[in-house]
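K.L.:
I have a structure I would like to understand better, so I am pasting it below and will then ask my questions one at a time.
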C-alpha cells in the first residue's frame with residue numbers, strides 16, 4: 001500500500017472533489033472513486049520516487065517536537081534555513097513528514 005500523504009495537496013484535494021461530484025451525479029460509483037484514489041496514491045509516490053532528483057538541505061535552530069510512528073517521522077522545527085545550490089529560504093516554523101520510500105508499494 002502506498003502512502004496517502006499527497007491526497008491533502010491541491011492536486012489530491014481537487015481530485016477528491018471531482019470524484020465526489022461525479023458520485024453525486026451518478027456518473028461513477030464510490031467503489032470506482034476509491035480505486036481512482038488508490039491509483040493516485042501509487043502514481044504520485046512512484047513519480048516522486050523516480051523523477052525528482054533535486055536535493056535540499058536544511059538547518060534548524062530548534063527541534064520543537066519529533067515523533068516516529070508506523071515507519072513515519074514527523075518533525076516540528078523552528079527557525080529553519082533551506083538551501084538548494086543557489087537558493088536560500090528561511091522560515092519561522094515547518095512541519096516535515098518523512099516516509100520510507102523503500103517500504104511503500106511503488107509498482
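Glycine residues also receive a Cβ, built from the backbone N, Cα and C atoms like all the rest.
Here's the feature list from TrEMBL:
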- 2-48: domain 'Transcription initiation factor IIA gamma subunit N-terminal' (DOMAIN)
- 61-101: domain 'Transcription initiation factor IIA gamma subunit C-terminal' (DOMAIN)
K.L.:
Tally the residues of the domain 'Transcription initiation factor IIA gamma subunit C-terminal' (61-101) by DSSP class, grouping H, G and I as helix, E and B as strand, and everything else as coil.
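P.N.:
In the domain 'Transcription initiation factor IIA gamma subunit C-terminal' (61-101), the DSSP-based counts are 0 helix, 35 strand, 6 coil.
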K.L.:
Could you count the residues of the domain 'Transcription initiation factor IIA gamma subunit N-terminal' (2-48) that DSSP puts in helix, in strand and in coil?
P.N.:
38 helix, 0 strand, 9 coil
